[in-house]
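The active site, proton donor/acceptor annotation in Swiss-Prot covers His51, His146. Annotation source Swiss-Prot lists substrate binding site at Thr53, Ser148, Tyr151.
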Amino acid sequence: MPGSSLWLIPPPSHPLYPILSFLISQHLPSDFPSEAGAADARLIPEFFAPHMTLSSGISPDLYGDDPQRWLDSIPWPSADEVQVRFEGISSQDTYYRRCYARVKLDEGIKKIAGLARARGVNGEDDAKGAKTQEWLEWWRKEFGPHVSLMYGDVPISDDRLKEVAKVVEEAGVKLAEPEGNVEGNGWNGGVVWLVPTDRDIRDWKPIAKRVL
């Protein structure tokens, strides 16, 4: 994945943090070894932290040798403004979106993702910029906010997706019902990570962090 990325991580003290971490690193690869790409040499246990990607494709030239200063210069919204709420489980025919939990796209999510894109890629001040507004619409249509659960090259059938959803819910992640009568759980706020995602997956570690 070219460049660096901005991720939103659940607060480390939140109950969902260890649940999602265990699902991603052990439970799902064990139950769905083919779909999780566990045989892929690029992947090892605990291969990525639970996160919602805010933006990718960020040039290292932007933050230079002081990534923390750059990250702190961005006027991030408060924790109360950012509410991550899970919807259902989906899959796309893309390695990094092989299986993921969709996140409800509300104004708070638009604001933080748009800000990340504006400052990290588009050279704009905030999500109101023309290029960022265009990107937000494209992002919404293509895949939107989500938390990846499995990377891999193997297509996942609808029946297997239902099995994944069952495992995820049994682990303690509440998903929204399709009719919209029940809202999924999630977290408020979190920690923004700046991660050089042009490295191997095993080396995806933050070089700067910012608590909302």
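From the backbone N, Cα and C atoms, a Cβ is placed for every residue, glycine too.
Computed from a predicted structure; not experimentally measured.
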Cβ-based isolation winner (fewest other Cβ atoms within 10 Å) among the active-site residues His51, His146:
His146
I'd like to know which of these binding-site residues, Thr53, Ser148, is least surrounded, judged by other CB atoms within 10 A.
Ser148
What is the number of other Cβ atoms found within 10 Å of the Cβ of Tyr151 (substrate binding site)?
22
Can you tell me the CA-to-CA distance separating His51 (active site, proton donor/acceptor) and Ser148 (substrate binding site), as a whole number of Å?
7
Helix, strand or coil at His51 (active site, proton donor/acceptor) [DSSP, three-state]:
coil
Around the substrate site formed by Thr53, Ser148, Tyr151, which additional residues qualify by having Cβ within 8 Å of the site's Cβ center?
Phe48, His51, Tyr96, Arg97, Tyr100, His146, Val147
For His146 (active site, proton donor/acceptor) and Thr53 (substrate binding site), determine the Cα separation and express it in whole Å.
7
Can you tell me the three-state DSSP label for His146 (active site, proton donor/acceptor)?
strand
